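S.K.: After the structure tokens below, expect a handful of questions from me.
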Amino acid sequence: MYNISVIGTGYVGLSTGVCLSDMGNNVTCVDIDEEKINKLNNGQVPIYEPGMEELIEKNTNANRLSFTTDLKKAVKDTEIIFMAVGTPSNEDGSADLSQVREAAKTIAEVMDDYKIVITKSTVPVGTNQMIEGIIAENTDQDYSVVSSPEFLREGSAVYDTMNPDRIVIGYRDEKAGETIRDLYKDFDTDFVMTTIESAEMIKYASNAFLATKISFINEMANICERVGARVEEVAKGMGLDHRISDKFLNAGIGYGGSCFPKDTKALINTATEVDYDLKTVKAAVHVNEYQKLTVVDKLQGHLYDLKNKNIGILGLSFKPNTDDMREAPSLKIIPKLLEGGANVKAYDPVAMENAREELPSDVEYCSVSKEVTEEADAVVLLTEWDEFFELNWKEISQKVNNKLVIDGRNLLNEDHLKDLGFKYISVGRGS
Ligand code: UDX
């Protein structure tokens, strides 16, 4: 059992803190955002994440988990300090490390004995060395810095934190590496004990690879549409080769979220800094931007003119089971539809509140999913929420102006929709 503090209560920090407490450790989660901490202390979770609320309740009741804005006290009482602050993109695509610098300085200033500072935030190669430098400048105490990047997915953050494919531990000081290895001793998974620089690279290389895999299958889908092949069957046939695997081969309207867009750009930026032209990842980013707008092209192809057309949008978040709108394809697609003169009605089970802050004000939000389909000239599915699969398409077919469905995620039952007389357009299914 360890005394741990976690700085930053975003997806990564909160999942790390909550899961470490559930493993029996004493955890204090710290954030400068008072409103967030007040919410958490009242049992409210600031993000939508299945399973999180129950775990917070369980572990706060067991007095193993607490939330505070008092960084000084949290650091003083703990031997291991997890850093999980945000690293958003700068204008030029590089990672903005100001929160990391600030946190490292504050930790150093309040340190009163040996501490292990472990970085969970996704940070470019060289950042942990920078953190070591900042701590050294601001304290006389002993410390070790460890890099242990996080690979959790939003929407399954708790499950992924508890069931990781691997745990990467980058360290310089043997004892610190062993302590963190011991912290995770109950995990039945592969451990990668490595250098700090390799640990930093593993995170970026993994995300860049996955983003490239998605862009690759999306391009295959675009070809399939033109040559009369079906991308799911192509992906299945490819994925049976263990070297390829069938994971992350779902064609769609491009990746979004807080990681792939940001991390691909940051890796390109790191490469540029060392005078290297990272061609594959640049291409993956380029394809992803193109892919989002294939929905608009398909709509235009079938409706000819978007002006005054009623478009019903199902799903706004970048993927299901999250209210996260960061880099969601809907943020690119909906403004294009409005620019073309369309009337847009939209529905999302949980992301509408966040969407209102990001999307133009002329979007009309509906309180139930079937409302977006009423009098629609086209229904467009952008996020594969389960509830859209359950919709009564027979009933919908009687209320639309035009039986056109564009499925950006290949979620719906193609045969059923076609039997009902819909013109059903999906991704990568040529005829
Ligand atoms: C991702 C990584 O999976 C995770 O390891 C890392 O820590 C953070 O970034 P996340 O962004 O939460 O996690 O979601 P993920 O489920 O990986 O999906 C990312 C995006 O790729 C979504 O927009 C999703 O729709 C898209 N995607 C994913 C596809 O288009 N096709 C696929 O086959 C898989």
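Just so you know, the numbers here start at 1 and follow the chain as drawn.
Cβ coordinates come from backbone N, Cα and C, glycine included.
Automatic prediction, not curation, is the source of TrEMBL annotations.
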S.K.: PHE151, LEU152, ARG153, GLU154, PHE248, LEU249, ASN250, ALA251, GLY252, GLY256, LYS319 show up in TrEMBL as binding substrate; which entry in LYS115, LYS185, LYS203, LYS345 does that record put in the same site?
M.R.: LYS203
S.K.: Write down the one residue from LYS262, LYS394, LYS399 that TrEMBL lists together with ASP31, LYS36, THR87, THR122, GLU154, ARG326 as binding NAD(+).
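M.R.: Of LYS262, LYS394, LYS399, LYS262 joins ASP31, LYS36, THR87, THR122, GLU154, ARG326 in the NAD(+) site that TrEMBL records.
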S.K.: If you count the C-beta atoms lying within 10 Å of each candidate's C-beta, which of the binding-site residues ARG153, LYS262 ends up with the smallest number?
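M.R.: Selected from the binding-site residues ARG153, LYS262 on minimum Cβ neighbours within 10 Å: ARG153.
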S.K.: Taking the Cα atoms as reference points, how far is LYS203 (substrate binding site) from THR122 (NAD(+) binding site) in Å?
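M.R.: That separation, Cα to Cα, works out to 7 Å.
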S.K.: Looking at the recorded positions LEU249, ALA251, CYS259, which sits with the largest number of other Cβ atoms within 10 Å of its Cβ?
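M.R.: When each Cβ's neighbours within 10 Å are tallied, ALA251 tops the list.
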S.K.: Could you list, ordered by sequence, which of these binding-site residues: ASP31, THR87, PHE151, ARG153, GLY256, ARG326, have a Cβ under 6 Å from ligand 1?
M.R.: PHE151, ARG153, GLY256
S.K.: Rounded to a whole angstrom, what is the largest C-alpha distance between any two of the residues PHE151, LEU152, ARG153, GLU154, LYS203, PHE248, LEU249, ASN250, ALA251, GLY252, GLY256, LYS319 that the record assigns to substrate?
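M.R.: Greatest Cα-Cα span of the listed binding residues: 24 Å.
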S.K.: Let's check the environment of LYS203 (substrate binding site): how many other CB atoms sit within 10 Å of its CB?
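M.R.: So the number of other Cβ atoms within 10 Å of LYS203 (substrate binding site) is 25.
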